[in-house]
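K.L.:
Structure provided below as structure tokens; questions to follow.
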Amino acid sequence: MTAKIIDGKIIAAELRGRVADEVARVKREHQLVPGLAVVLVGNDPASEVYVRSKHTQTQAAGMASFEHKLPADVSQSDLLALVARLNRDPAVHGILVQLPLPKGLNTEAVINAIDPAKDVDGLHPNNAGRLAGGFEALSPCTPLGCIILTKSVHASLEGMNAIVIGRSNLVGRPLVQLLLNENATVTIAHSRSRDLPGLVKRADLVYAAVGKPEMVRGDWLKPGATVIDVGINRIPKDDGKTRLVGDVAYQEALAVAGAITPVPGGVGQMTVACLLVNTLRAACAITGLPKPAV
Ligand code: GUN
């Protein structure tokens, strides 16, 4: 038996379509145009690709997109001044500062400066704390995408054994909180965990978010498990080009898992779609409108 492939492209396109419908409705009924500002510091090639994709997809959903590109040697105070200006700008409902920031800039101070109501990355301590407390919050986009992909396979995650491998602020930690909110039983594993294969073996849901190419092997998996691969690793090919692989050994896992996300075409597709969802939600909340239907 081979695993069902969870098609992030199709699921993300469907979600973007629902966002676009809601954006059209709030424009028509409330003259509200949700706006997203993305700040890119420096010229990391991977970040440039992400930022371009955010810009294109934001406009395609009918929202306003504001791109701010700053040189890698921008000062901390100039970057904070831009964030302060975006906080005050009524046309901007979502602010995303692309990470990682170049060396020399204080990431924590920049995140703390973002108005929590506009923090569509869900990284501000207000939002992270609210999520951890089980309160309503803007939640990080990649974990939100992981939950949507999981729910395309399982209508309810209640009582399921989930393992999250990786404990980053952007993915692992918030994903744990979202899974708890879904009533899953969650194990948090990381680089110091003992017997990772044994921990993974018990899991019905496996989330790999470590950034180590093909680290999770097929024979670690419980037969029938749902595998969500957050990894995007570029590895060199013989011809000098690179290919993308996840944190899971895909071909091995296909033979054991019940369902699995491919790389590319899985989680990566969902992140921007969820960013659009967060921007729409933030715009409605800031302007006092009822929650949108997505
Ligand atoms: N870099 C890679 N993923 C992300 C993300 O979701 N948000 C931000 N701000 N930076 C990232």
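Even glycines carry a Cβ here, placed using N, Cα and C.
Below, the features straight out of TrEMBL:
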DOMAIN    6-121  domain 'Tetrahydrofolate dehydrogenase/cyclohydrolase catalytic'
DOMAIN    140-284  domain 'Tetrahydrofolate dehydrogenase/cyclohydrolase NAD(P)-binding'
BINDING   Gly166, Arg167, Ser168, Ile232  NADP(+) binding site
K.L.:
Please give me the CB contact count at 10 A for Ser168 (NADP(+) binding site), counting all chains in the structure.
P.N.:
16
K.L.:
What is the number of residues in the domain 'Tetrahydrofolate dehydrogenase/cyclohydrolase catalytic' (6-121) that are helix, strand and coil, as DSSP sees it?
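P.N.:
Helix/strand/coil tally for the domain 'Tetrahydrofolate dehydrogenase/cyclohydrolase catalytic' (6-121): 62 helix, 18 strand, 36 coil.
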K.L.:
Could you pull the average pLDDT for the domain 'Tetrahydrofolate dehydrogenase/cyclohydrolase NAD(P)-binding' (140-284)?
P.N.:
97
K.L.:
Looking only at the domain 'Tetrahydrofolate dehydrogenase/cyclohydrolase NAD(P)-binding' (140-284), how are its residues distributed among DSSP helix, strand and coil?
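P.N.:
Result for the domain 'Tetrahydrofolate dehydrogenase/cyclohydrolase NAD(P)-binding' (140-284), in helix, strand, coil order: 53 helix, 30 strand, 62 coil.
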K.L.:
Give me the long-range Cβ neighbours of Ile232 (NADP(+) binding site): same chain, 6+ apart, Cβ under 8 Å, in sequence order.
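P.N.:
Counting only residues 6 or more apart in sequence, the Cβ neighbours of Ile232 (NADP(+) binding site) under 8 Å are Leu244, Gly246, Val263, Pro264, Gly268.
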K.L.:
Between any two of Gly166, Arg167, Ser168, Ile232, the residues recorded as binding NADP(+), what is the biggest Cα to Cα distance in Å?
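P.N.:
In whole numbers, the farthest two Cα atoms are 16 Å apart.
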K.L.:
What same-chain residues, at least 6 away in sequence, bring their CB to under 8 Å of the CB of Gly166 (NADP(+) binding site)?
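P.N.:
Once residues fewer than 6 apart are set aside, Gly166 (NADP(+) binding site) is near Gly172, Ala189, His190, Tyr207, Ala208, Ala209, Val210, Gly211, Val230.
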K.L.:
Using a 10 Å cut-off, grab the number of neighbouring Cβ atoms around the Cβ of Arg167 (NADP(+) binding site), all chains included.
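P.N.:
By my count, 18.
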